[in-house]
Every structure is written in C-alpha cells, then in structure tokens.
Amino acid sequence: MADNATHSYISSFFLVGIPGLQAFHCWIGIPVCLLFALALLGNSVIIITIKVEPSLHQPVYFFLCMLAVNDMALVSSTAPKMLGIFWLDAHKFDFSICLAQMYFIHTFCIIESALLVAMAFDRYVAICIPLRYTTILTTPMVTKLGLAGVIRATFMVLPCPLLIKRLPYYTKYVINHAYCEHMAVVKLASANTLINRAYGISVALSVMVLDLGLIATSYIKILQAVFRLSSQNARSKALGTCAAHVCTLLVFYTPALFSFLTHRIGKKVPPSIHIIFASLYLLVPPTVNPLVYGVKTKQIRDRVVSLFLSNKIISGN
C-alpha cells in the first residue's frame, strides 16, 4: 500500500475494529446493529410525534426534534462502517472517505453539545422567568440557536481534515479503531503533528469547558429559583421538567469525558476498552435519548401510546 523507497502516498487506511477482540467481531456486531436500528426507529418516532401533535409545537420540543435529527445523522455516519468491519471484514477505507467520516462524526458531536446547551437555556427560561418564555424563545430564536450550533460545529471542525490533508502518509496505514477518529488518524502521519494535536485538543477543551460551563450556570440558576418556591409540590414539578434533560446530559458527556481523558492521559487503559467506550459514545446517546424523552415526557408518552392504540384499533377493524 505504501512504497518506502519512492515515498508514495497511501490511498487508503485499514481499520482494525477493536484490537484484541477480532475473534468476537461477529458477536460485537449484533448489539451495534440493534443500537443502530433502535436509534433510527426511536428518533423517527420522536420526530413524527412532534410533527403530528400540535400541542408539542413548543420550543423545547423543537429542540428535541433537532436533537433527534442530529442523532440519526450521527449514528448513520458511524454504525454502517462498523458493521462492515465486524460482519463483512470491510476494513479498507479510502483516505478521503475516512476524512469525511471523521469530519461528520466530530461535527455532529459538537452540534449535539450545542443543542444540549440550548435545551438547558430553555429550561432556565421556563423555570426562572416563565412569564417571558414565549417572548424570549420564539420560533425565530429557536431557529437561530439551532443554526448557531450548526455553524459553530461546521467551522470548528473544518480545519481538522484540512490540516490532515497537508500531512504526508507514507508507511503507516493501520488505524487501531472502529471508525476514523481524529487523533488516531493524525498519529499515522510521517511528519510533525504538533499543530494538529494542539488544534484537536483546543477544540475539544473549548467545547467541553464552554458548553458544560453554560449548562452548569443554567442549572445553578434553576436550583436557586426552585429552592425559593414555598411549595414542595411546585419544587418537584419544576425539577421534574428537567429530569429528561439531565439524563441526556449524563448519557452524552460521561462517555465523552472518559474517551477524551483515556485517549490523552490514560496510557494504561487497554486500547480495546478505549475503543469500546469511544464507540458507545457515538451509539448509545442516539439510542437512549428518544427512550428517555419518551418515558419522562408525559405529552410525548401519551401521544405515542395513542398513535399505537389507534393503529391497533384500525388494523383490528
């Protein structure tokens, strides 16, 4: 694939999958396929439910709809190639396609983080300044917040593949990963990669620090407002509206932080453990999010149940 004497550039990468567990790839593909199918089904149900139910045409559900679309895009950019590796031994990945997958994966992850910030802001306005909720979170404002998240992610991640394309790749072409992850690709370059590493870390840190800081600030304000309420029932009701969002935050950021830390400072963590967590970070949140919101949000739960019941009645007749 590469010629050392003439220094010819490699044209494709070889994705190993999960190092040390190649013998179990066939079995690992089963939960990956299930997560992929459930993510597509669950998020489709969320989008359709919000679209057909007029009472759900509110800012919080518009954000949820955006999250569902992004989750479907994220899992679709990852799972098919994983299944190709696990079930079809399709390890070879064209250089340009690998960079495209890397770009879209990281872009969708940053969009996801931005949407979680927007949803935290929605809860802050709803609980802390409810009388101004409809005047602050108008449809144009919701659209602007969503576009801002997309534009930020698009331009933050864009330098990553552009910086990689300037690097020479001569001999190393084996990626010990199940998908094209930025640092895994950078490490294979036959040149100094300080700029690439510095930019990658700065993007990851800036997104995490800024977004988690904004989310933490929103919830500190929310808790202050909630504990000022005199009624215990009112407190429980206010906190209950945040339950689904808090679960989504934990599901998304916990494996993200673990993956980020182990990749950079967890030298003793086995590569297979790191790659499994990195893969779960991309597959689990898109699968769990619709389940969390479906269970925790009464309006969505009731509407989904009524849709399925009406379909059963029609089929029965």
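Note: Cβ is positioned from N, Cα and C throughout, glycine not excepted.
Please treat TrEMBL annotations as automatic predictions, because they have not gone through curation.
What TrEMBL annotates here:
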DOMAIN    42-293  domain 'G-protein coupled receptors family 1 profile'
TRANSMEM  27-48  transmembrane segment
TRANSMEM  60-79  transmembrane segment
TRANSMEM  99-121  transmembrane segment
TRANSMEM  142-164  transmembrane segment
TRANSMEM  198-217  transmembrane segment
TRANSMEM  238-261  transmembrane segment
TRANSMEM  273-293  transmembrane segment
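With a cut-off of 8 Å between Cβ atoms, the residues of this chain six or more beyond the transmembrane segment (273-293) that come close are 18-19, 32, 35-36, 38-39, 42-43, 45-46, 64, 67-68, 71-72, 74-75, 78-79, 82, 105, 109, 112, 176-179, 181, 244, 247-248, 251-252, 255-256, 258-259, 262-263, 266, 300. Same-chain residues lying 6 or more positions outside the transmembrane segment (99-121) and placing a CB less than 8 Å from one of its CB atoms are 60, 63-64, 66-67, 70-71, 73-74, 77-78, 81, 93, 142, 145-146, 148-150, 152-154, 156-158, 160-161, 164-165, 179-182, 185, 203, 207-208, 211, 214-215, 218-219, 245, 248-249, 252, 256, 282, 285.
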